[in-house]
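Novice: Okay, handing you the structure first.
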Amino acid sequence: MRPTLNVAQRNQNYHFDPGHTPGLKEAIQTKLAKSCNFSRGCLTSAITARVPVLSWLPAYNFREHFIGDLIAGVTIAIMHIPQGMGFALLSNIPPVNGIYMGFFPVLIYALLGTSRHCSMGSFAVTCLMTGKVVRDLATPASALVDGAIASNATMAATTYTPVQVATIVSFMVGVWELIMGLLQLGSLSVFLSEMLVSGFTTGAAFHVMTSQVKYLFGLKIKGHSGPFKIIYTYRDIIHQILNSNLAAVIGSAITIFILCINNEVIKPRLQKKTSIPIPIELIVVILGTVASYFGNLNENYDLLIVGDIPTGLPQPEIPPFELIPKVVVDAFVITIVAYTVSYSMAKIFAKKHNYEVDAAQELYSQSASNVFGAFFGCGPIAASLARSLIQEAVGGVTQMTTVISCALLLLVLLFVGPAFETLPNCVLSSVIVVALKGMFMQVNDLRRVWAISRSDALIWLASFLAVVLIDIDFGLLIGVVVSLFVLLYRGQKPSTAILGSVPNTDIYLDINKYSAAAEVPSVSIFHFNGPLHFANSEYFRTQLFSMTGLDPIAIISKKKALEKQQAKSDLIIDPSKENGVRGSTEKIPEEFEEKPNDVNDKHAVLAVPEVKWLVLDMSRISYLDSTGGKVIAQLGKEYNDAGIVLVLASVSESVLDSLEKCGTLKTISAEQIFHTIHDAVTVLTVLDNENNCTKL
């Protein structure tokens with residue numbers, strides 16, 4: 001059995017060594033020395049860390065992994081075609097540019113990315129956010145004649161095509177990701193909680209669906225921007241619903257019916273036999289294209305179709321850099337959303353398959369992908385949940401899956417593209433709406449978390465309602481603000497308790513929750529379950545006084561009042577009871593008697609306390625700032641004046657170091673800081689039994 005220990009004894013007996021803490025100058029010199037140490041092995045590691053393909057490709061196990069990667073690559077390429085074309089509509093750019101987004105930037109990610117299972121490319125939420133910027137800054141299609149700007153006096157100002165706006169957004173997203181990588185902000189996504197992302201993406205799904213309703217019904221309605229735009233949009237839809245294009249309604253209904261039958265009936269049964277899914281999206285796209293071509297639906301029924309799709313690869317074009325000031329803020333918001341979703345998914349897959357993803361390298365790889373894609377008509381990319389889950393399910397093992405997918409998309413762009421020119425837009429919109437089911441089902445997260453944490457549910461609701469009612473970018477901001485308020489609230493008011501000892505053990509529990517725990521005579525033990533800092537220091541003091549009933553100012557005031565009364569009435573007080581009046585040989589004057597029924601005076605009973613030692617259990621105080629240190633030092637002085645000794649127990653090394661730097665240990669000595677609560681109680685109990693001494 002070990003001896004009782006205070007901090008001074010622990011340091012001496014066990015040879016405490018705080019280690020060397022370098023100053024600023026020394027830290028900079030050490031960092032520079034490490035950075036400039038270019039050994040051959042170090043240089044090779046640095047290069048492979050920034051170009052991961054140099055590490056995984058030479059070690060690629062062709063026999064073991066290629067079949068799985070081939071099947072996954074073909075499957076993902078097939079999914080890229082309808083999803084890319086559909087999500088391009090969300091960005092207000094031509095459908096073929098959605099296929100570009102599945103090729104150019106994704107090929108760069110295959111070379112530089114560290115996730116083996118994330119399917120990068122078009123993503124509904126980021127495409128929708130890009131579409132908002134395109135709608136605000138691009139020249140309306142009616143102002144363009146055969147690809148050139150109509151020459152009239154009212155159009156002297158510079159105008160931009162939707163693709164140009166989308167590319168500069170992609171470029172700026174890449175720049176932001178590069179800046180975040182250089183600043184080592186790869187873990188920034190931890191500030192976006194799971195509930196915030198869930199509520200945000202669910203709200204964004206409503207925007208995505210709303211943007212596609214006009215294609216589903218073949219309506220021509222103007223776009224709205226700003227708060228409540230969803231409400232205004234549905235108002236216009238209701239007003240024009242009788243003007244719906246019958247061919248679009250029938251085409252949408254048939255497509256949605258086929259997709260739902262596959263997803264809800266055929267797919268679950270097929271999964272029991274094979275992991276390879278039916279490429280139902282591609283099938284309905286082909287059927288829609290064939291039906292539109294032979295039925296001449298565009299001319300006979302005025303059905304909106306995809307239109308011209310150029311053959312081959314696009315010529316690289318420089319984005320309009322003069323638009324950077326106008327897109328910089330929107331690009332930052334898109335960056336946060338794209339990176340958070342992509343990195344979160346990458347971590348999930350990495351944990352499941354036992355490999356590592358580098359947060360900084362993910363930023364660099366996505367940055368390079370978006371910047372490269374910006375020169376080929378691409379919008380910002382992100383990981384798609386649906387494609388990524390299928391890529392993993394069908395057997396994708398390495399980044400070779402992405403390379404194979406890009407190779408197949410290249411063949412589509414070179415030879416097959418024009419075949420989809422007669423594809424009706426309503427078919428693409430149907431594919432998008434059905435694909436949103438997973439995002440809509442995140443509403444179940446609210447029901448699940450409501451029973452666990454109302455504050456987390458508040459974050460979900462605030463993010464969701466702000467996105468739906470106000471706008472996507474404002475919704476994200478409001479969600480972050482609400483999350484920070486919840487975090488501050490939790491840190492500002494941690495739970496507190498008065499601890500008691502379980503007889504014949506070293507266990508100390510909350511006396512209000514455990515009937516077996518009893519308070520230790522002459523000792524009060526206060527437990528604070530959280531960090532102590534400037535925001536909750538006053539709450540700490542209030543709870544300490546309220547829970548223990550030991551307000552040093554009230555105790556001192558009552559003592560002075562008693563001394564004056566004693567002087568007048570010549571009371572004789574037993575000197576051995578200096579801290580209290582339980583040993584008094586005379587009756588206390590009536591005005592100072594205990595009044596249990598007086599609920600207005602919380603300190604009436606404890607004005608002359610029996611407690612000699614107050615123990616602060618600091619086992620759960622993981623952080624303490626200068627304000628917290630000053631509060632503890634001030635409490636030590638105040639309790640000392642009131643005849644009570646303040647004792648600290650279970651103080652972590654980091655908090656102890658903070659107390660020393662704050663100067664608190666000048667007021668509270670190392671002998672008053674114990675290794676555990678039990679050490680403190682054992683020593684204090686012995687002192688209480690020896691001549692009623694309170695000196696440690």
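Quick reminder: no glycine exception, Cβ is built from N, Cα and C everywhere.
Whatever TrEMBL says is automated annotation, not expert-curated.
TrEMBL lists these features:
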TRANSMEM  87-112  transmembrane segment
TRANSMEM  163-183  transmembrane segment
TRANSMEM  195-217  transmembrane segment
TRANSMEM  237-262  transmembrane segment
TRANSMEM  274-294  transmembrane segment
TRANSMEM  331-350  transmembrane segment
TRANSMEM  371-390  transmembrane segment
TRANSMEM  396-416  transmembrane segment
TRANSMEM  423-440  transmembrane segment
TRANSMEM  460-489  transmembrane segment
DOMAIN    513-684  domain 'STAS'
Novice: Counting only residues 6 or more past its boundaries, what in the same chain has a CB within less than 8 Å of a CB in the transmembrane segment (274-294)?
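Specialist: Non-local partners: 71, 75, 78-79, 81-83, 85, 251, 255, 258-259, 262-263, 266-267, 303, 305, 390, 393-395, 419-420, 422-424, 427-428, 430-431, 435.
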Novice: Near the transmembrane segment (87-112), which same-chain residues lie under 8 Å Cβ to Cβ, leaving out any that are not at least 6 residues past its ends?
Specialist: 50-53, 77, 80-81, 120-124, 127-128, 130-131, 134-135, 138, 162-163, 166, 170, 208, 211-212, 215, 306-307, 309-310, 314, 361, 364-366, 368-370, 372-373, 376-379, 381, 399, 402-403, 405-406, 409-410, 412-413, 417, 420, 423, 425, 428-429, 432
Novice: The domain 'STAS' (513-684): mean pLDDT?
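Specialist: When the pLDDT values over the domain 'STAS' (513-684) are averaged, the result is 79.
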